[in-house]
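Copied from TrEMBL, the annotated features are:
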- 21-45: transmembrane segment (TRANSMEM)
- 57-79: transmembrane segment (TRANSMEM)
- 91-117: transmembrane segment (TRANSMEM)
- 137-154: transmembrane segment (TRANSMEM)
- 166-185: transmembrane segment (TRANSMEM)
- 191-210: transmembrane segment (TRANSMEM)
- 319-343: transmembrane segment (TRANSMEM)
- 363-383: transmembrane segment (TRANSMEM)
- 390-412: transmembrane segment (TRANSMEM)
- 418-439: transmembrane segment (TRANSMEM)
Amino acid sequence: MADKRLSLLKDAPISKAINQMSLPAIGGMLVMAIYNVVDTMFVAWLGTDATSATQVVMPLMMLTSAFGLAFGIGGGSYLSRLLGQSDLKKADAAASVSLFSAVGFGILFTLLCLWRMEGVLELFGARGAVLEEAKAYGFHILLGSTFAMGNMTLNNLLRSEGSAKLAMVGMGVGSILNVFLDPLFIFGFGWGIGGAALATTLSQGVTFLIQLSHYRKGRSVIRIGLRHWAPNRELFGEIMKVGVPTFLRQMLFSVSIGFLNNGAVLHGGNELLAAVGIVSKAGMLPMYVILGIGQGFQPVVGYNFGAGNKPRVLEALRYTLLAGAGVAGISSLGMFLFGEWFLGIFKASEAVTAYGVRGLRMLAAAIVLMAVTNTIGIFYQALGKGLESLLLSVARQGLFYIPAIFLAPLHLGTDGILGAQAIADTLTFLLTLSLFLPYMAKDRLSLEMDSRPGPFRTDKPMEQAVGHA
């Protein structure tokens, strides 16, 4: 089994390798995106205040993602490179350190946020009736933070060793369960918005157990356990070299959503806040497909970079850029044509619907640029290039997005709030090209591969990997 998974990364045609790695991720993430839309739909039926409350809690969920993805993407990127180099003992340690660190941070995060929950929610834009709804929703969401961080870490580790199908199954089962529990808890038991959050927490727990079972049953290429827990400066540094840019991106996303929420309340009240929440959920549908393609791309590039196979690295990059841009283009057209119909399923007020349609069209205008930027960012992550990843991460959610949230409404009013992300995506795209084009023109990829220890390997890594498994 290990032979088959690693052979896919090493020898299969690039389109087959990326598709086989990404389609399960896309399937699982699409199910999760659809769940997010359905969950928001059920909550929206409770009223504008409830919809606004979920948007207020969103920064907390993004902070959870920040820690989970830091260890997941950082550990996964390092794991792919270690598998390419056939250093399987160190791969076991990297995976174990990643998972146990994520769980530990999850517990600490939950306790700290519960301690100061009301103040945190007010900071993220909650006022009056929305604050009460946000407290009911946020309490149960925080209880599931440890599961959420563990899930993100396990999911990335599974994909990095070629077990993308199990990663999809875990995400898919949890999301489908959530869709069924939502109406039961919200309307059947009469628990309202708190029931929606409880359904999410229970579903995350199920997903965690499904993904963890892969390692407990000995089916994995690598092994996770306390006996493999061997943190040291080099190992933790390699994980964080890629993990820190991911963390900063998600943390800045959380902070920017907090600013966005406050700006929405200031310029358009709870109606604009609710619309911003709905638009963000709608944007997840194409975003998750693009991210899913990137998740299949990352282990292919990481493995072949570690193995010194430059042609496969470049072919994977070209294929992913075209695939991501194609998905983005189709999605953009759909947002322009069917935005009003989409807003209708939330039974929103006229004001919320009008804001939402405009917001979707502004998001659609820059989604192709975001797809290109995302692919190049993952390319840098897969190569272990922390500085470039850090710069692009900080740019999209901090350097450009936060100023856009403050400055654009001064000139564009509510459209400035709705279009801030598109402005940031456009500027980040230009910055990305300014870094990427000189990198490729000077063939720095070849220089970095030539400086790595050992020549391009063919059979040796595979034989060692099979022996380990």
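Positions of Cβ are set from backbone N, Cα and C atoms, glycine also.
Keep in mind that TrEMBL annotations are predicted by a computer and have not been checked by a curator.
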So, taking each listed stretch (57-79, 191-210, 390-412) in turn and counting its Cβ pairs to the transmembrane segment (418-439) that are under 8 angstroms, which one gives the highest count?
390-412
Determine which residues of the chain contact the transmembrane segment (21-45) at the Cβ level, with the cut-off under 8 Å and only residues 6 or more beyond its ends counted.
8-9, 51, 53-54, 159, 162, 164-165, 167-172, 174-176, 178-179, 182-183, 186-187, 193, 196, 199-200, 274, 277-278, 281-282, 284-285, 287-289, 291-297, 299-300, 345-348
Quick one: do the transmembrane segment (191-210) and the transmembrane segment (390-412) reach 3+ CB pairs under 8 Å, ignoring pairs fewer than 6 apart in sequence?
no
Mind pulling out the one from 57-79, 319-343, 363-383 with the most Cβ pairs under 8 angstroms to the transmembrane segment (137-154)?
57-79
State the residues, same chain only, that lie 6 or more residues beyond the ends of the transmembrane segment (390-412) and have a CB under 8 A from a CB inside it; answer 'none' if no residue qualifies.
244-246, 248-250, 252-253, 255-256, 259-260, 263, 267, 373, 376-377, 380, 419-421, 423-425, 427-428, 431-432, 435
Leading stretch by Cβ pairs under 8 Å, where the reference is the transmembrane segment (319-343) and the options are 57-79, 91-117, 363-383:
363-383
Give the nonlocal contacts of the transmembrane segment (91-117) in its own chain as ranges (CB under 8 Å, at least six residues past its ends).
60, 63-64, 67-68, 71-72, 74-76, 78-79, 82-83, 135, 138-139, 142-143, 145-150, 152-154, 157, 221-226, 228-231, 235-236, 238-239
